[in-house]
Amino acid sequence: MLFTDYILLFSCMIGISLYGLYKTRKSRKKEQTAREAMVGSDISVPSATLAMCSGFISSISVLGFPAEVYYQGGMMLWYAPMYFISFPLVAYVFLPVLYKLKLTTIYEYFERRFNYNCRFVTTLLFCVQMMLYNSVALYAPSLAIATITKIPITISILITAILSAVYISVGGAKAGIHTSAIQMALIIFTMAFIVSMSVYQMGLKDIFDSITTGKRLILNDFRINPTIRHSVWSLVIGGTGNILSLFGANQLSVQRCLAMPSLEKAQRVLLWTIICNSVILFLYVSVGFSMYTFYKDCHPMIGNANELLPQFVIDVISSTPGSVGLFAAAVYSAGISTLCASFTAVSSILINDVWNVFRKHKKQAPLSSTDVHKAMRILPIFLSFISIFVAMLCSMLQGIILQVSFIVFGAGGGPVLGSFVIGLFLPRVKGIAAFIGLLASIVACFSISFGSVLVKVKPVQLELGQCVNSTMSFYDNSHIGEVTSTPLAYGFDRIFAVSYQYYSVIGIVSNVFVAYITQLILDVCTPIRDHSEICLELVSPLLASSAPHTTQHDPEPKQHNCTQQETLPC
């Protein structure tokens, strides 16, 4: 990196930090409630939209998506039509119930609808899920910065984690949202700059001819085989499950919507997120195509796939002063925005779903607003040290980090989304059955995900430049999209070879199926059948609108006991 690159990198990071703190200090003329400290408040639609995208369009996707396209082709473009299916479902099916309940954390819903056991398991699952994801999200920008600047990756990990924790500790949840919005804008600008420079140097025709000849533009894989890693069906069906679990059943995303002043504005955020995600998806795929065009004759010497984009930036656009610094700032921004959102979400979960619940069981008063503010300053620092430790282990990752993140969220998010589906649409299912279904789906998802690691499921790569992969003299087109695995007796390894895109769908289906069957068995075997009714505010508006004698009522948490007219018979 040149001196100008370092100037641009530090200027971007300092400027974004000061902006977030300014917006937070400006709003502190009025005292925040405990809920506002944990979730945020008074956020504009554009800021919330960009912040929503930044939660999962992070350094993982900045490095992982282009590398995925380079190695496996552009089938990921099928995520675009899936956005138009999944985000409206989140906005008009899941969000109205969660928003009107005025929840601090979405996992409170499970205690109200089912029992405390469901709330505890989903809370624990979210915390484990996010700490694993944090570590990968922390490792990704640190790897990129280490590749570009030659700074040791350990130092880079420490800087990224501590800076993220300081954002939240000093500025609170609102500072995290504002800085995430600016960081997302920086990511979009940087990726557009890389695409523009690539087209300028290589030309559109050369890029198109290269990706066509190199089989990167194959978009018509309609094979129904569930082991095909990226088919139209796995991306549209499995991708819809992934997006629903990420944006409709995950505290990290839903907290952005809960910070909006009205349900209508929260829904507008989700609809605008369709456009934001589609734009960044197109840019990622374009960068992947550009990388293949540049390296089609000679695959670069890199340690693992996650170093490909940083190497491309050095090889192609580093001649432009400040370009490498801009890319470094974007990657850092992507990592920090994700970590800020995650530290806020996990901190609010620990305070609201663990600490306050513990005090409630001990018959102690809930934490005061002052105590919550103090905890929201201390917890991010503690979480950052845990993330640093696990991120050190991520240096052993040889696979594409994008797939690792999808495995984490698919296996962990699917069961939680299944419980939301049961709560919203199956009023017959009660606490015990819901809890058994949740546990069964967790076992199913993690058995398959861990099994895929044990049998060493790996995708069959498309042909790369011969200067490195000189042993590949012939490529069989019939293997495109397939995966290899260690053979097991009776072909059991193919169970674990199912596409990771389906993990969330497996979690949803197994949860709903087991919970419903269990409830039917309990209804038959239990001498005294449970005829309890469900509050209308806890089920989907589609069911509530069809129920007789419904009334409007205050959805505040402290007033959630239903009257006879506000219940749905089971």
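Residue numbers in this text run from 1 along the chain shown.
Positions of Cβ are set from backbone N, Cα and C atoms, glycine also.
Curation plays no part in TrEMBL annotations; they are all automatic predictions.
Marked as transmembrane segment by TrEMBL: 6-22 (among others).
The feature transmembrane segment is assigned by TrEMBL to 43-65 (among others).
The transmembrane segment feature in TrEMBL is assigned to 77-99 (among others). Long-range neighbours of the transmembrane segment (77-99) within the same chain, counting only residues 6 or more positions beyond its ends whose Cβ lies under 8 Å from a Cβ of the stretch, are 106, 109, 219, 230, 232, 235-236, 239-240, 243-244, 247-249, 254, 257-258, 263, 266-267, 270-271, 273-274, 277-278, 281-282, 285, 420, 424, 537-542.
The transmembrane segment annotation in TrEMBL covers 151-170 (among others).
Summarising the annotation, TrEMBL assigns transmembrane segment to 182-200 (among others).
Marked as transmembrane segment by TrEMBL: 231-249 (among others).
Residues annotated as transmembrane segment in TrEMBL: 269-295 (among others).
The transmembrane segment annotation in TrEMBL covers 329-358 (among others).
If you look up TrEMBL, you'll see 378-400 (among others) marked as transmembrane segment.
Residues annotated as transmembrane segment in TrEMBL: 406-426 (among others).
For the transmembrane segment (433-455), the residues of the chain that approach it from at least six positions outside its boundaries are 110, 113-115, 117-118, 121-122, 125, 407, 410-412, 414-416, 418-419, 422-423, 485-486, 488, 493, 495-498, 500, 503, 506-508, 510-516, 518-519, 522, judged by C-beta separation under 8 angstroms. Under the heading transmembrane segment, TrEMBL lists 433-455 (among others).
Marked as transmembrane segment by TrEMBL: 500-522 (among others).
Feature annotation from TrEMBL assigns region 'Disordered' to 547-570.
Marked as compositional bias 'Polar residues' by TrEMBL: 560-570.
If you look at the transmembrane segment (182-200), the same-chain residues 6 or more away from its ends with a CB under 8 A from one of its CBs are 12, 16, 19-20, 50-51, 53-54, 57, 62, 207, 276, 279-280, 283-284, 286-287, 290, 293-294, 313, 316-317, 320, 323, 326-327, 329-330, 333-334, 336-337.
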